[in-house]
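**Q** This structure is in structure tokens; I'll ask about it shortly.
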């Protein structure tokens with residue numbers, strides 16, 4: 001059902017659309033859209049290549065780079081995107097760097113989760129797409145260097161590991177790990193075991209899922225955000241969110257079940273229970289125009305706050321429904337997709353803020369309230385990710401149109417003339433959005449990849465019956481179903 005947006009919003013939108021030369025609602029052909037994604041990628045890559053080659057992240061405004069782990073993060077995160085987009089020259093140059101320059105023999109602390117989803121996931125995905133052993137060899141080397149993280153009293157991994165020294169530790173300020181981080185490395189490690197025939201990777205991550213499966217402290221399948229690496233118990237109990245620190249736990253329950261040929265009943269049971277918990281405790285509607293959203297619970301108090309990260313959920317729910325889970329999961333996906341769309345639509349730049357609060361008052365005021373500290377946009381992928389799933393399963397062209405609007409807004413407000421795209425500080429100020437001088441690796445690894453897949457008419461391109469995407473949009477094969 002279409003939501004009513006105040007007419008002033010529409011006027012602002014129309015003005016921007018006319019300024020851009022793209023009258024809103026007039027659909028351009030799929031060919032143009034695919035070309036536009038390739039152009040955006042090339043523009044982003046141009047900045048990376050000129051000013052940040054071999055480094056982790058481009059700073060497009062200052063034409064310099066930022067280092068996080070010193071492992072060519074953006075380059076590796078982008079490999080499979082270039083392959084999918086058919087950018088052969090760019091891919092060949094990047095592969096050459098991986099072959100000659102990429103070394104994991106470095107005295108550097110890396111975050112287990114980020115390194116697994118971006119670098120290990122990127123290498124495995126690229127191996128599957130290209131069949132090139134180089135990427136598998138690099139993945140094996142990295143996987144073995146990450147294993148010390150699991151040497152903890154509880155078998156819940158530490159958040160950080162030194163890949164050169166083989167020593168792992170918790171962050172300086174706590175002995176807790178984030179729940180999403182320890183439960184969103186499974187797809188990658190399980191696949192590494194399958195490819196290498198070395199069971200230790202899969203055993204380590206399966207053990208984490210076994211422990212979490214039976215831990216006390218859940219509420220109707222919802223999990224707290226932190227887990228202690230010494231005791232193996234949840235900490236900060238009573239706080240439940242589908243945003244930062246918990247989000248991909250739910251995503252990986254479903255995706256591991258799909259990856260493993262739908263044979264692991266505990267994963268399915270935990271996922272189904274969690275969706276019921278979300279519906280029972282976290283789903284609400286706004287007062288003004290009945291937008292459905294997912295809030296947060298803190299010691300039984302409901303907070304109508306939703307991270308943009310939660311916009312992964314429509315896609316995940318739709319994927320579950322496509323795999324035979326209850327139809328009402330799809331109904332909720334459709335409603336939440338509308339809300340995520342409005343998080344873009346109702347902002348003056350057409351880009352979503354990092355966090356929104358929803359009005360539950362039955363008044364004519366705005367549905368979405370954005371606090372000053374939450375007005376930034378980091379070029380995140382979650383909404384376009386869900387649009388991709390929704391389009392694949394429904395073929396409703398509106399999902400493509402919504403994705404196209406988002407790409408146009410990225411081009412309008414985040415594109416940096418010399419090359420690259422930048423995060424911005426204020427999605428509510430089209431005159432001065434406040435560039436932050438950082439292009440996250442996931443803009444190339446996820447956001448542009450999902451836009452390309454959304455606009456592609458080739459449903460066999462990474463078919464969702466053959467591949468499952470990790471939480472960084474790296475495609476891994478679904479295993480054949482085990483014999484009954």
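Positions of Cβ are set from backbone N, Cα and C atoms, glycine also.
Just so it is clear, the model here is predicted, and its values are computed rather than measured.
As annotated in TrEMBL:
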type	residues	note
ACT_SITE	114	active site, proton donor
ACT_SITE	247	active site
ACT_SITE	354	active site, proton donor
ACT_SITE	382	active site
BINDING	471	Ca(2+) binding site
DISULFID	311-340	disulfide bond
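On this model, are these features tucked inside or out on the surface, and what's nearby?
**A** There are 17 other CB atoms within 10 A of the CB of residue 114 (active site, proton donor), with all protein chains counted.
For residue 354 (active site, proton donor), the Cβ neighbour count at a 10 Å cut-off comes to 19, with all displayed protein chains included.
Taking Cβ-Cβ distances under 8 Å and a sequence separation of 6 or more, the neighbours of residue 382 (active site) in its chain are 308, 309, 310, 311, 312, 340.
Remark: residue 471 (Ca(2+) binding site) has 117, 184, 248, 251, 252, 312 as non-local neighbours, by Cβ distance under 8 Å and separation of at least 6 in sequence.
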**Q** Roughly how many angstrom lie between the C-alpha atoms of residue 114 (active site, proton donor) and residue 247 (active site)?
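**A** Checking the Cα atoms of residue 114 (active site, proton donor) and residue 247 (active site) gives a distance of 14 Å.
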**Q** To the nearest Å, how far is the Cα of residue 247 (active site) from the Cα of residue 354 (active site, proton donor)?
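**A** Cα of residue 247 (active site) to Cα of residue 354 (active site, proton donor) measures 14 Å after rounding.
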